[in-house]
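Working notes, structure below.
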Amino acid sequence: MKKIAFIGAGSMAEAIISGLVTQRVIQPANIFVTNKRNDDRFNYLAEQYGVTTTRSLQPLLQDADLVVLAVKPKDILETMQSIKGYIREEMLLLSVVAGVHTSSLEGIANKQFSIVRAMPNTSATVGKSATALAANGHTKESQLQTAITLFETVGTVAIVEENQLDAVTGLSGSGPAYIYYLVEALERSAETIGLDSQTAKQLILQTLLGAADMLQKSPKTPAVLRKEVTSPGGTTEAGLKELQAHQVQEAFIACVQEATEQSKRMGDQISKELAKYVVPQ
Ligand SMILES: NC(=O)C1=CN([C@@H]2O[C@H](COP(=O)(O)OP(=O)(O)OC[C@H]3O[C@@H](n4cnc5c(N)ncnc54)[C@H](OP(=O)(O)O)[C@@H]3O)[C@@H](O)[C@H]2O)C=CC1
Ligand SMILES: O=C(O)[C@@H]1CCC=N1
């Protein structure tokens, strides 16, 4: 990677920039960043990571073989209309924008080009994102490899078909929130059983980290690992009975399904909106 241009300088852009700089994938000065108006953000990113900031599209996009699109879905139309004149055949557009289909991006730009869509999650901030990538038909193998290299600086990467990205969004895109929700419940439960919050926090965090490590390192399935904790007639069995009575597994399944459906609904809505601006061939 000789030069990368980031359009959008928010939290997702910063997580990726941090990964690239920390792992020395590219010289920081060759990471070009733009945003809409936030000067403080420019100063912070330049000072913290040594990246080059500019609001001028020519220096941002000329010679950039990789352009990372990291704006909110509501800003995608304005952004694509402003950059479409700079899109070149050898350029790869890497979009982290949730719900915006590659066909919409090509439609607004009125040209066919290489696009990889990514669905990372916020754990990219600490280098632990579970990211899924989907490439459109124009993307070369070497360009997909570039996208993989980029996202491997902030975690793990899976390759999926574009039509699976809604499921990825429902599972791992939103996933950190489900885990935080569970931790909130455990913290509340600690209060009710008389543990002070500092002690409870430490116990919960280490339990979570330990279980995640077991899942990663042990060849055993989650069900087997669960059974190993559960002594017959013991405490775990008593606790799990309550979870079953409250249909907690079913609730999680419904949660992921509903998040996936919402991702589809939002994607359809954005596609419909953007279709108005697609230039007819
Ligand atoms: N949060 C999550 O869990 C996940 C989010 N995503 C996706 O990542 C994307 C980025 O999210 P996030 O980083 O949180 O967003 P932020 O709101 O933090 O950042 C958005 C950035 O876009 C800039 N921007 C807006 N309009 C333009 C424009 N016309 N030209 C240039 N820059 C512009 C903003 O600039 P300024 O501040 O100056 O207005 C800002 O720097 C979203 O599309 C989201 O769907 C993907 C996976 C997970
Ligand atoms: O909640 C959302 O819509 C976004 C997409 C994935 C995570 N956050």
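Just so it is clear, glycine is given a Cβ too, placed from its N, Cα and C backbone atoms.
Some features that TrEMBL has for this protein:
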BINDING   Ile7, Gly8, Ala9, Gly10, Ser11, Met12, Ala70, Val71, Lys72, Pro73  NADP(+) binding site
DOMAIN    3-99  domain 'Pyrroline-5-carboxylate reductase catalytic N-terminal'
DOMAIN    162-266  domain 'Pyrroline-5-carboxylate reductase dimerisation'
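For Ser11 (NADP(+) binding site), the same-chain residues lying six or more positions away in sequence with a CB closer than 8 A to its CB are Thr122, Thr125. Residue counts for the domain 'Pyrroline-5-carboxylate reductase dimerisation' (162-266) under DSSP (helix as H, G, I; strand as E, B; rest coil) come to 89 helix, 0 strand, 16 coil.
Taking the Cβ of Lys72 (NADP(+) binding site) as reference, residues of its chain lying under 8 Å away and at least six apart in sequence are, in sequence order, Gly8, Gly10, Val97. For Ala70 (NADP(+) binding site), applying a Cβ distance below 8 Å and a minimum sequence separation of six or more within one chain yields Phe6, Ile7, Gly8, Ala9, Gly10, Met12, Ala13, Ile16, Val96, Val97. Here the binding-site residues are Ile7, Ala9, and the one ringed by the most other CB atoms within 10 angstroms is Ile7. Largest Cα to Cα distance within the recorded NADP(+) binders Ile7, Gly8, Ala9, Gly10, Ser11, Met12, Ala70, Val71, Lys72, Pro73: about 15 Å as a whole number.
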